[in-house]
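Undergrad: First the structure, which I've put down as structure tokens, then a few questions once you've had a look.
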């Protein structure tokens, strides 16, 4: 069952939240999703026409959220087109993104999956996102 925060669009230009301004802290601040280590990989996001605005999405490796300091990401889904997905997120160290804001994540054109099943540039690869369950 997906987690959905109905007011995700209203977060545009709000202050970052959490002690470290991590992406997961944004999700946990607005909706009860538990610890990221308990998250389960659901359906793929890119190309899925049945995702509700505000659905929690994240990058996964072998069905689990990696929970590393960098290289993985979580966000609220806002929409998509043929080139990528729109999300509402926060980035801890991005000075160009000082507040919670909308971001477009493109589908990579040079192949997106490695031979071990991990995704190239996961945080910036539309095909690497899945619904959190």
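Each residue, glycine too, has its Cβ placed from N, Cα and C.
Sharing the features that Swiss-Prot gives for it:
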ACT_SITE  23  active site
ACT_SITE  73  active site
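Looking at the shown structure, can you explain where the listed features end up?
TA: Within the same chain, residues at least six positions away from residue 23 (active site) with a Cβ under 8 Å of its Cβ are 73, 74, 75, 89, 90, 91, 92.
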Undergrad: What count of other C-beta atoms do you get within 10 angstroms of the C-beta of residue 73 (active site), across all chains shown?
TA: 24
